[in-house]
Amino acid sequence: MLPDLSAAPMQDRYGRPLRDLRLSVIEACNFRCGYCMPADRVPDDYGLDADQRLSFDQLETLVRAFVAVGVTKLRLTGGEPLLRKNLPVLIQRLAAIEGIEDLALTTNGALLARQAVALRQAGLRRITVSMDALEPALFRQMSGGRGEIDQVLAGIAAAEQAGFKRLKINCVVQRDVNEDQVLPLVEHFRGTGHVLRFIEFMDVGSCNGWRPEAVVTSAQLRDRIHARWPLAPLDANYTGEVAQRHAFADGLGEVGFVSSVSVPFCGDCQRARVSADGHLYTCLFASQGHDLKPALAEGEQGLATHLRQRWSVRADRYSEVRASTSRRRKPVEMFLIGG
């Protein structure tokens with residue numbers, strides 16, 4: 001049994017606690033989206049080798065240790081997490097851990113229709129679906145020729161039927177690529193109870209061809225949407241929430257904006273990321289990870305102690321200093337640590 005560490009909250013060098021864990025369960029993905037895992041840079045069979053992947057036992061021990069040092073929110077990512085064999089079994093084990101207040105999953109939605117019921121029954125509480133276009137040909141193109149929008153929409157419908165009533169729908173907007181999909185997406189999801197969120201194109205990884213000119217800022221997107229459907233700002237749901245929330249003035253739901261490039265939120269970042277092979281990344285824009293497997297072999301107690309030590313020296317604030325920083329190390333790819 002791990003000791004109660006609530007009396008001594010863990011903080012990094014800037015006084016930021018650790019509350020949110022993004023845990024990748026697999027590196028493989030069935031899509032090849034250009035801003036994450038472009039087909040010309042990543043082979044089709046990438047990430048399918050399970051030799052280095054943490055087992056379910058290891059993942060449960062890891063999550064228990066993170067809970068012991070303050071984590072209350074857990075999100076499963078990939079790659080595409082629904083490719084992980086027997087994922088509902090893992091979710092059932094993680095959902096049973098005392099202290100986990102929110103258990104969510106991010107998916108491209110292509111496999112969601114066949115798994116939605118099992119995910120709900122296992123204890124998954126929330127789902128986020130990535131969707132960068134509604135137009136079928138553009139959606140297929142942006143997924144590297146792998147995705148069909150009808151499959152994703154069917155997955156969302158199946159999730160609703162399974163009991164997931166308030167999904168988040170994430171759209172990464174790139175200038176001259178899918179800008180014209182913004183208003184159609186808003187029109188489609190307004191009034192459904194789901195929350196559409198627009199994410200600025202970020203310089204995560206080194207193979208997505210990022211350049212500042214390709215960024216459509218949240219302010220620009222908000223103005224476009226507001227001109228069609230008036231918006232009013234909402235307060236954050238919790239400290240460290242990444243999306244700026246706005247309600248539709250007519251009461252038909254809300255829309256969110258994630259502004260990592262134009263309005264950095266490093267100051268409130270309470271998130272850590274762990275890759276499928278057990279490496280800790282304390283920032284989405286990190287250039288290298290820290291292997292947790294040796295500490296994991298010591299069990300919950302040993303790993304919890306190790307995590308406290310690692311977090312106490314954390315000083316990441318890349319988005320705040322992006323303009324004045326020249327990278328000398330290759331940043332980790334998004335598909336290794338999720339979004």
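In case you wondered, yes, glycine gets a Cβ from its N, Cα and C as well.
Remember, predicted model here, so these are calculated numbers, not experimental data.
Under the heading domain 'Radical SAM core', Swiss-Prot lists 13-249, citing sequence analysis as support.
Residues or ranges marked as GTP binding site by Swiss-Prot: R22, R75, T106, K168, R271, A272, R273. Counting only residues at least six positions away in the same chain, the Cβ atoms of L21, R22, L23, S24, T77, L280, Y281, T282, L284, I337, G338 sit under 8 Å from the Cβ of R273 (GTP binding site).
Look at Swiss-Prot and you will find C29, C33, C36 tagged as [4Fe-4S] cluster 1 binding site, backed by sequence analysis. Counting every protein chain shown, the number of other Cβ atoms lying within 10 Å of the Cβ of C33 ([4Fe-4S] cluster 1 binding site) is 21.
In the three-state DSSP scheme, M202 (S-adenosyl-L-methionine binding site) falls into the coil class. Residues or ranges marked as S-adenosyl-L-methionine binding site by Swiss-Prot: Y35, G79, S130, M202.
In the three-state DSSP assignment, the secondary structure recorded for C283 ([4Fe-4S] cluster 2 binding site) is coil. The [4Fe-4S] cluster 2 binding site feature in Swiss-Prot is assigned to C266, C269, C283; the stated evidence is sequence analysis.
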Binding-site residues near C283 ([4Fe-4S] cluster 2 binding site) (Cα-Cα within 10 Å), from T106, K168, A272: A272
Nearest of the binding-site residues (R75, C266, A272) to S130 (S-adenosyl-L-methionine binding site), judged by Cα-Cα distance: R75
Of Y35, G79, M202, C266, R271, i.e. the binding-site residues, those within 10 Å of C29 ([4Fe-4S] cluster 1 binding site) when Cα atoms are compared: G79
Intrachain C-beta neighbours of R271 (GTP binding site), sequence separation six or more, cut-off 8 angstroms: L18, R19, D20, L21, R22, G240, L284
Helix, strand or coil at C266 ([4Fe-4S] cluster 2 binding site) [DSSP, three-state]: helix
